[in-house]
Every structure is written in C-alpha cells, then in structure tokens.
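Per TrEMBL, the feature transmembrane segment maps to 27-48, 68-89, 96-120, 244-266. What TrEMBL lists as disulfide bond is Cys163-Cys179.
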Amino acid sequence: MAGGRRVQPRRAHQPEQGPSRCIQYTLIILNMLFWLLSILIIAIGAYIIVESKDHFKNMADLKFQPSIFILIAGGIIFIITFIGCIGAVRENTTLLRLYIGIILAIILIVIACAVLAFVFRDKLETTISKKVKSIIPVYRAAGDKYLDLQNIIDAVQTDWECCGAESYQDWEANVYFNCSAPLGSSRRCGVPFSCCKKDLQENRQCGFGARDPKLKGLQKINALKAINTFGCVQQGTVWLTNNWALLGGIAIGILVLQLVSVFLASRLSDQIREIRDRRG
C-alpha cells in the first residue's frame, strides 16, 4: 500500500476461447476415415478396369461397366469428405455449410428413393428385370471387354442359385447360348456354368444343351435338375426378404453417422460464427 492506495493485482491474460476441440477433432477424424474409404473404393474400381482391360469406344459402353459406377461412388465420397475435413481444419464456415447441405440433400434423396421404391415396388421389379435382360446379350459377347460384368453375373447366379432375369430361358437372348447358334456348337441351347447347381459347377459344360427343345422325358428332367431354373430377380427379392434386418441395420448405421456428421459440423460452424461475432 502506498499513500493509502491499494494496489490492484494484475489479472492474468485470458486467452480467447476457441471452438470446441472435441467437436472439431471428432469431425476431422470421422471425415478422414471416410476419405480413406473413398480412396479404397476408387482403387478397387480402377483395379477392375485395368484387370479387365476395358476400352470404352463410345458412351453406350459405359452402362455395361460396373467399375465406372464404383469409381463415381468413390469420387463422390472423396469430394464430400474432403470438403468436410478442410472445413473443420480451416474453421471455414462456408465449407462447413456446404458440407451440411450436401449430406442433408443426399439423406433426403435416399429417403425419397426408398419411399418411391416401396410404393412402386412392382414397377421397380419389372424395370430391374428389363435391365437384367438387357445385359444378358453382352455376356461373353465382346471377349474380355465386359469381363467385370460377366464375373458379376456369374457371382450373382452362383450365390443366389438362379439363372437369367425371370427364368433360365432368358439366355436365349445370348448369341453363344441361343438355339439358333450353329449346329455342333457346344453352347447351343445352353446356359452359363454359373446357372448349374453349385456341386456341378466344376464341370464348366454342365449347362450346355440344358434348354434344348429336342430333349424329352427323362433327358429333359435330368437336364433341368442340373441347373437352377428360377430367375435372379425373384431370387433377389427372396434374398432381400431374408436379409432385411441386416440391410436395415446397415442403412440405419450409415444414417446415424451422417446425422452425427451434420450435427458436429453445425455445432462447429455455430461456434466459429459466435467467436467471430464477439471479435466484431
């Protein structure tokens, strides 16, 4: 005390409070994980293209290339997570709002598609059947050009124990297996090996001649016993019915992660704006 005046102790300088590091780092880590996943998806799509030696001569070829859709899906996830990650790291409210808007738009689109698919499920099944039938002529028709699509067809027919879109007779649309193929052709009036019962698939010729109209009586019965006669659209519906709980759980899990990301990005953006408003 000097001259009766009390000296006030100096207050320690309080650093300005920033946005929640917990929210910021959680959002960054979440987006980094999905960003790495997108790179893996892109790598898988690129690998399929390279391995199958795909050469796109015109735009019409793209609809028969599943690898293209894998690349597109990976690219979309890459861009969205990159925006979210950079927005969180740089504390950029514009990028964070863009990130929130994109995710909310995707959620709404997916929900709308799910509702429409349920309401028009019969029409959807017919459309899918037509699409599946449209790719049957491509099977083996261009050498290795559509090898990835061919492998998918074989995998689906094997795993779902089905053949063709609506029935095994759909393979009449394929130049290799139709009954108008040259006489003496081993594949004439046949089906791919993946249409055969699983225990018979070691014999790659197990489906040859299975649809031959000249087969009668016991010969026809034995030929049809060796292959799956149900269409893949019908078997796909059965598979969805049997696995709806698993698929629903996965969908809900993805939705929860998206909503968590939106919540974190929204909170972080609000905190950044509040701090900037206090600074004036």
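Count begins at 1; order follows the chain as displayed.
Glycine too: its Cβ is placed from the backbone N, Cα and C atoms.
TrEMBL: automatically predicted annotations, no manual curation.
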(request) Quickly jot the same-chain residues contacting the transmembrane segment (27-48) by Cβ under 8 Å, restricted to those at least six beyond its ends, or write none. (result) 66-68, 70-71, 73-75, 77-78, 80-82, 84-85, 88-89, 148, 257, 260-261, 264-265, 268
(request) Give the helix, strand or coil assignment DSSP yields for Cys163 (disulfide bond). (result) coil
(request) According to DSSP, folded down to helix, strand and coil, what is Cys179 (disulfide bond)? (result) coil
